[in-house]
């Protein structure tokens with residue numbers, strides 16, 4: 001095969017089949033098949049390139065309010081599940097679903113102009129039966145234990161899925177966790193006959209609703225990410241038993257899908273057979289309705305699979321002939337519609353009464369004139385732009401209102417000139433009052449600084465007394481070993497030094513400099529804290545009961561953070577272990593499939609005890625994962641509660657200090 005990837009036009013794929021000389025000289029088989037597609041990815045293509053080219057444009061349309069679908073089609077083993085879901089070995093092997101979730105939630109966080117709500121659902125169709133893989137009440141061990149999903153159709157021929165749950169996802173982490181749990185249910189639910197390939201259709205749907213604040217318009221869109229089961233020829237594979245039953249259901253559903261595609265591609269076709277299978281019914285809008293649909297055709301280029309590859313290319317070209325008409329999914333809020341309809345009804349009633357009004361007297365009564373004056377005054381004073389002046393369907397009242405409003409406008413023009421002269425004199429008075437108010441503020445600030453200096457002087461005296469007590473104790477200890485004359489000289493000299501105000505202030509500054517300064521703002525100083533106020537706050541905090549409470553809360557908060565980090569590490573270990581066990585199950589099935597081909601026996605059709613043991617281990621690890629995840633949520637709530645308690649205790653301590661500081665300032669002033 002050869003690929004001609006031209007950026008200016010469609011890419012082309014050419015498959016060449018040389019003629020076999022064993023068929024004879026007369027051989028009319030085609031040697032070359034050529035197909036054109038919008039884009040062709042070779043075997044070395046990376047997952048990020050496929051996402052940017054295929055899924056990202058569809059995701060952007062879904063965020064804008066349109067429906068979107070991405071589905072993969074191809075034979076067994078051609079790479080459909082790897083393209084849609086991805087591999088578990090490397091982070092770069094992520095498929096379209098996790099990359100789409102990451103892109104959508106990243107865009108939702110960037111757009112703050114709307115309020116978004118996101119839900120996800122995960123549907124699996126196995127042997128024409130639907131199963132919900134995200135049921136929170138269920139711990140599945142077999143596929144038959146999952147709740148079955150049924151199709152309901154309303155009068156407008158809209159499809160509704162019964163027993164399919166919608167799980168809300170507020171972040172990328174929650175959405176990926178739901179995807180992980182759904183894949184785990186699907187893995188455990190597979191029958192032992194499914195050796196190495198996915199034998200069911202899976203549809204992962206993302207529902208997005210958006211609304212601008214204050215607007216009555218709601219946009220609803222959904223994105224289907226579909227992984228179809230692989231098609232295969234039973235005569236070539238030679239399967240039997242359960243595998244034969246599964247292959248029949250898969251080929252039958254894909255046959256009905258092809259019938260729908262052919263019917264949609266034909267013009268003037270009145271009936272489209274959507275109801276033949278569950279998959280075509282679910283994807284009704286995606287195939288031929290209000291949706292932007294992208295199809296990925298996967299090929300297994302090999303000599304024995306060349307017929308299936310050509311059939312896949314032909315099917316993809318038939319799909320490309322279908323034209324969908326995608327429209328913006330917008331709805332009007334019913335409450336606003338009711339208000340608008342009521343207003344319209346009232347206006348129609350007024351017009352009808354105006355046309356069929358009865359004869360009235362030419363003059364209005366005094367009571368009616370007073371009532372109209374009150375209505376006009378209320379209407380002019382109302383600042384609401386939507387307010388109306390409702391005087392009824394009486395032409396006399398309407399004319400009176402026009403004349404009265406005209407008189408008020410003339411009166412307002414004459415009064416504006418007088419107001420302009422008064423305004424100039426009022427500005428002078430306002431400037432004078434502002435200067436007096438500023439002078440008063442400066443005086444209050446000066447008085448507050450004097451009070452702070454007085455309190456600082458009290459603290460210096462307290463430090464001098466403490467220092468004197470320490471010196472007396474040292475004097476008594478040294479008296480036993482040294483002469484009293486030398487001690488008296490040293491004590492007197494020391495006391496003289498301590499009596500100087502400059503040395504005391506210096507020592508107080510040394511003590512205050514070692515204190516840790518808190519982010520405390522005083523209300524009285526307008527957000528600026530002086531040196532004396534800082535030192536007084538530290539002394540007050542040391543003796544206050546809330547200080548001990550804050551320190552205890554800090555220690556407890558450190559313990560909870562450490563426990564949360566430990567739980568996060570354990571969650572990652574459990575998730576890696578589950579992925580490892582799933583890999584072992586896959587390897588086991590591949591080995592049994594190889595044995596079934598090389599040396600078929602009846603023992604290979606029975607249940608594998610090793611695989612059952614691995615399933616039980618996955619179930620236990622899944623329960624442990626859920627328990628630790630719930631514990632981590634509880635720790636998060638407890639940490640937020642402790643932070644709130646610390647903040648409240650700190651605010652109470654600050655308020656108590658402000659009260660004490662004000663009382664001390666008042667007492668010193670007195």
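Placement of Cβ uses the backbone N, Cα and C atoms for every residue, glycine included.
Note that the coordinates shown come from a computational prediction; the quantities given were computed from them, not determined experimentally.
The stretch that TrEMBL tags with coiled coil, taken from the ranges 313-368, 369-424, 425-480, is 425-480. Mean per-residue pLDDT, taken over the domain 'Kinesin motor' (1-322), amounts to 83. With a cut-off of 8 Å between CB atoms and residues at least 6 apart in sequence, the same chain places 80, 230, 231, 297, 298, 299, 300, 312 near residue 74 (ATP binding site), listed in sequence order. Proximity of residue 81 (ATP binding site) to non-local residues of its own chain (separation of 6 or more, Cβ distance below 8 Å) is seen for 198, 227, given in sequence order.
Highest Cβ count within 10 Å among the binding-site residues 75, 76, 78: 78.
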